[in-house]
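Visitor: What TrEMBL records for this protein is below:
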{"type": "BINDING", "residues": "Asp9, Asp11, Asp180", "note": "Mg(2+) binding site"}
{"type": "ACT_SITE", "residues": "Asp9", "note": "active site, nucleophile"}
{"type": "ACT_SITE", "residues": "Asp11", "note": "active site, proton donor"}
{"type": "BINDING", "residues": "Asp20, Asp95", "note": "substrate binding site"}
Amino acid sequence: MAGIVVVFDFDKTIIDVDSDNWVVDGLGATEEFERLLPTMPWNTLMDTMMGELHARGKTLGDVAAVLRSAPLDPRVVAAIKACYGLGCDLRILSDANRFFIDTILDHHGLTGYFSEINTNPSAVDAATGRLRIAPYHDFHAGPHGCGLGICPPNMCKGQVLDRIRASAGAAGKRVIYLGDGRGDYCPSLRLGRDDFMMPRRGFPVWELICEDPSLLQAEVHPWADGAEMEETLLRLVGRVLLEERNLPPLDCKLESLPAVAVQDGMPMTLRIKN
């Protein structure tokens, strides 16, 4: 296995929308969502909205059907499968929730590619049949303690990334982190000099990084869409693999990735762009 951990945000990174907004809008509850938004934390609001949708007669199946229609760029799918085939340890770190993420990954056949999903827990209430969404960090019991002032009360992604890096499966490995939102800024500050940050260009985390790039130790490699994500991510993975073997990079766009990746779970030869 390669000495690389690739950590993906989910909303607007793996999928091209915010899954919370996608469900609320798709089930016709946008007006109520907007009315309640100023009154409570986002995580609490989404749990409240699941109760509101249930009261309107929307079932868990209705929620799942909307989630399965969320747009996911085929190039992102290809990048995930290629990185997995090259031996990378893939993980998700998201402020969405487990039911939303599992539903979408399962629909696209991607569940088995990720070794860990770090997100807000969710469960179906056995008595009512409605979906409950809880905070990753129980902020009602106390704050998570991050002093950056950007992380939402229910999740400090920087603290979660620290735990991932210290875990037995990731210790000593280089990290490639992909994200788009303000919550992805804290983990970007915790990456080391041998790591890579891939912020989505034009999104909040990119704007925060641009305010003072010197605060980051990791190399920054922005991307704008699925095609650029795939190209950039595979180029960085190929670079790390070459460095692990003490081989010089070749003069090609993907820096001579090893010849075998996967497509639809099967080995394939990567096309190297000169």
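Even glycines carry a Cβ here, placed using N, Cα and C.
Automated prediction, rather than curation, is the source of TrEMBL annotations.
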Visitor: Please work out the number of neighbouring Cβ atoms within 10 Å of the Cβ of Asp9 (Mg(2+) binding site), leaving out its own Cβ.
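Guide: Excluding its own Cβ, Asp9 (Mg(2+) binding site) sees 25 Cβ atoms within 10 Å.
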Visitor: What's the number of neighbouring CB atoms sitting within 10 A of the CB on Asp180 (Mg(2+) binding site)?
Guide: 22
Visitor: Starting from the Mg(2+) site formed by Asp9, Asp11, Asp180, give every other residue of that chain whose CB sits within 8 Å of the mean position of their CB atoms, in sequence order.
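Guide: Output for this site, in sequence order: Phe10, Lys12, Thr13, Ile14, Asp18, Ser94, Gly179, Gly181, Asp184, Arg200, Phe203.
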Visitor: Mind giving me a neighbour count for Asp95 (substrate binding site)? Other Cβ atoms within 10 Å of its Cβ, every protein chain shown.
Guide: 26
